[in-house]
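So the structure is just underneath, and the comments pick up after that.
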Amino acid sequence: MDLTHRPRRLRQDGVRGLVSETGLESTDLIAPVFVDATTDERQPIESMPGHERVPLEDAVSRVEDVLETGVEAVMLFGIPESKDPEGTRAWAEDGVIQKATRQITAETDAYVVTDVCLCEYTDHGHCGTLEDGLDAHDEATTTVDNDATLESLERIAVSHAAAGADMVAPSGMMDGMVGAIRSALDREGYDHVPIMSYAAKYESAFYGPFRDAADGAPSFGDRRHYQMDPANRREAVREVALDVEQGADVLMVKPALPYLDIVADVRREFDHPVAAYNVSGEYAMLHAAAEKGWLELEGVALESLLSIKRAGADLILTYFAEDVADALE
Ligand code: PBG
């Protein structure tokens, strides 16, 4: 055979690594951590093997375990001691995230990102204040009052920054949330705190295990009136552009694996760092298949995260963070 081009030449040992286009490092990863104010014992999360809700007194040791693997950043989610229609515990000075953040930043070197949302804090489980006249038992279709919710999100972000959060990550998909949070942070003296916006967040069935973990499932209706329609691709670029205009520092796409086209689009259209959230359902399905002996877990986890980077993500939020960091060591 007279072949000029033999791509296999570069797949040999010794040269493979030199020509590889994408790398995965533990410093690309953010590990989600659940802190639960309702318990004083660690609670395993059944649909997310290896993950637990930890009580406040274990928050620091939980984060120390993450740091030991080489992962340097955590994303904190809170389960409050009580819920109400407005989600007021989300911005309480003695709230679960505020306390955890103060402890973790005082006692560890972790880079602390906080999820800024209301669904774990409202008794109806929606990501904001309901429109007038609705309550937790309504079967309404339009649900969350966008502009009223912005005020709550501002309070939450400022309370997290005051507790020492290094970065805030609004995930509620309210219009104008990034701009509102940016001006509130600046006004209160936190202009150094970056915003990682859940910029293109889809109304996804892959969040199921998380909603068990964080106890944030809506008690009625769904999130399709604020989260994006999985059918839409071009809309993602418009959504993300709005967050860029409003001052987002990092642009997140969520979920990750079923939305790699969106990750690639955002990478191509914007110069900002791009984050992707490898969500709870993406984690749960690989674990379930591995448990049956149908997939080899470490291999599929590494390949999944590499593919998210290849699509264009700079950083990845993933429940695999610690295991993958260990495997990379
Ligand atoms: C909202 C929030 C959700 C997730 C992260 N932040 C749930 C939702 O929108 O229903 C999902 C993360 C995952 O599935 O891993 N606070």
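Quick reminder: no glycine exception, Cβ is built from N, Cα and C everywhere.
DSSP assigns Cys127 (Zn(2+) binding site) to coil in the three-state reduction, placing it in neither a helix nor a strand. Per TrEMBL, the feature Zn(2+) binding site maps to Cys117, Cys119, Cys127.
The feature active site, schiff-base intermediate with substrate is assigned by TrEMBL to Lys201 (among others). The Cβ of Lys201 (active site, schiff-base intermediate with substrate) has Ser171, Met173, Gln227, Met228, Met252, Val253, Lys254 as same-chain neighbours under 8 Å, each 6 or more residues away in sequence.
Sequence-distant contacts of Glu239 (Mg(2+) binding site), defined as residues of its own chain at least six apart whose C-beta falls under 8 angstroms from its C-beta, comprise Ala199, Ala200, Met228. According to TrEMBL, the Mg(2+) binding site annotation covers Glu239.
Among the features that TrEMBL reports, active site, schiff-base intermediate with substrate is placed at Lys254 (among others).
For Tyr319 (5-aminolevulinate 2 binding site), applying a Cβ distance below 8 Å and a minimum sequence separation of six or more within one chain yields Ala31, Pro32, Met48, Gly50, His51, Asn278, Ser280, Tyr283. Tyr319 (5-aminolevulinate 2 binding site) falls within neither a helix nor a strand when secondary structure is assigned with DSSP, and so counts as coil. Per TrEMBL, the feature 5-aminolevulinate 2 binding site maps to Ser280, Tyr319.
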**Prompt:** Under DSSP, is Lys201 (active site, schiff-base intermediate with substrate) helix, strand or coil?
**Reply:** strand
**Item:** Same-chain residues at least 6 apart in sequence whose Cβ lies under 8 Å from Cys117 (Zn(2+) binding site)
**Value:** Ala90, Cys127, Leu153, Ile156, Pro170, Ser171, Gly172
**DSSP state at Cys117 (Zn(2+) binding site), helix/strand/coil** = coil
**Asked** Considering only the binding-site residues Cys117, Cys119, Glu239, Ser280, which possess a Cβ situated under 6 angstroms from at least one atom of ligand 1?
**Response** Cys117, Cys119, Ser280
